[in-house]
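Some notes on the structure that comes next.
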Amino acid sequence: MENRLINPVERVDDSVDNNIRPSTLAEYIGQPVVREQMEVFIEAARRRNEALDHTLIFGPPGLGKTTLANIIAREMGGNLRSTSGPVLERAGDLAAMLTNLEEGDVLFIDEIHRLSPVIEEILYPAMEDFQLDIMIGEGPAARSIKLDLPPFTLVAATTRAGLLTSPLRDRFGIVQRLEFYNIEDLTTIVSRSARLMNVVMTPEGAVEVARRSRGTPRIANRLLRRVRDYAQVKSNGEVTGEIADSALDMLAVDRRGLDHLDRRYIEMVHARFDNGPAGVEAIAAAMAEDRGTLEDVIEPYLIQQGYVLRTARGRVLTQMAIDQL
């Protein structure tokens, strides 16, 4: 799974994308509703000289949650302190981060759904009252003291918003869902990335990469790097529509953005479960994958594109998926 080219989960080689990420809302492409709302919220907070309300960003991986957190920090003029749910194992880890924040800073917690209940309890007063409750001592002599924190903004990201507890979710004043990108916006993103990477690319080449990127900018930039390699070796370095088509065919990413794992999922439900309904645990066992991989990585795009229906009785293939077979 880790080496799957169109896996939207971040890989080590995706770190080069940091150089081409937009740094302001004006440069941010796509997500028009989110962009317009954040422009208003950020400008209003700046005019009042206040910290932005705590913000929760959720959606499938690879759509720009971390990028948006960076943009929020830059637009608000504060420093960005980043961590993730699995990293914050002890109460002291979070307390250290909170006490090092300065007024107007942005604390970004990725995968916030993986926070432990103990860490969540510390976050509640920090988010609500900008206070940190610390226990000093042990046993009968233990006492609690409150530390005042400077006004800050917590920006949290998750691919599993449904796993957040209600008390935590209710403390976010702003909640934004990122949607899959359309081909037009992805084409603009690919063209911009190509320009920043000094890749000569025709409009047709950008469209070909965009249409196979599964609505995900991270995948689009990853495919662009591989298509660039192909163009340099097999041609004169220019990425045309024909070159992009040949490169992506070689990489086994078809024109619908499906790869061998997607096709295997569809074929498995068709052959083993008679087109469904089939339980996700049964499909995962048949494919030798875990349930989380199916729900977070494979199914979102298949459902969004209309290949699979998620029903109370299980997963069902649509006629579109059957026709592909």
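Yeah, the Cβs are placed from backbone N, Cα and C, and that goes for glycine too.
These features come from Swiss-Prot:
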BINDING   Ile20, Arg21, Gly62, Lys65, Thr66, Thr67, Glu128, Asp129, Phe130, Arg171, Tyr181, Arg218  ATP binding site
BINDING   Thr66  Mg(2+) binding site
BINDING   Arg291, Arg310, Arg315  DNA binding site
REGION    1-181  region 'Large ATPase domain (RuvB-L)'
REGION    182-252  region 'Small ATPAse domain (RuvB-S)'
REGION    255-325  region 'Head domain (RuvB-H)'
Do you know which of the binding-site residues Ile20, Thr66 has the most other C-beta atoms within 10 angstroms of its C-beta?
Thr66
For Arg291 (DNA binding site), the nonlocal same-chain Cβ neighbours (under 8 Å, six or more residues apart) come out as Val280, Glu281, Ala284
How long is the line from the C-alpha of Ile20 (ATP binding site) to the C-alpha of Arg310 (DNA binding site), rounded to the nearest angstrom?
36
DSSP three-state assignment for Glu128 (ATP binding site)
helix
Secondary structure tally of the region 'Head domain (RuvB-H)' (255-325) (DSSP, helix then strand then coil):
42 helix, 9 strand, 20 coil
Determine the Cβ neighbour count for Arg315 (DNA binding site): the number of other Cβ atoms within 10 Å of its Cβ.
23
Note: in the chain of Phe130 (ATP binding site), residues six or more apart in sequence with C-beta under 8 angstroms of its C-beta are Asp148, Leu149, Pro150, Pro151, Phe152
The correct DSSP tally for the region 'Small ATPAse domain (RuvB-S)' (182-252) reads 51 helix, 2 strand, 18 coil
Across all protein chains in the structure, which of the binding-site residues Gly62, Glu128, Tyr181, Arg310 has the highest Cβ count within 10 Å?
Gly62
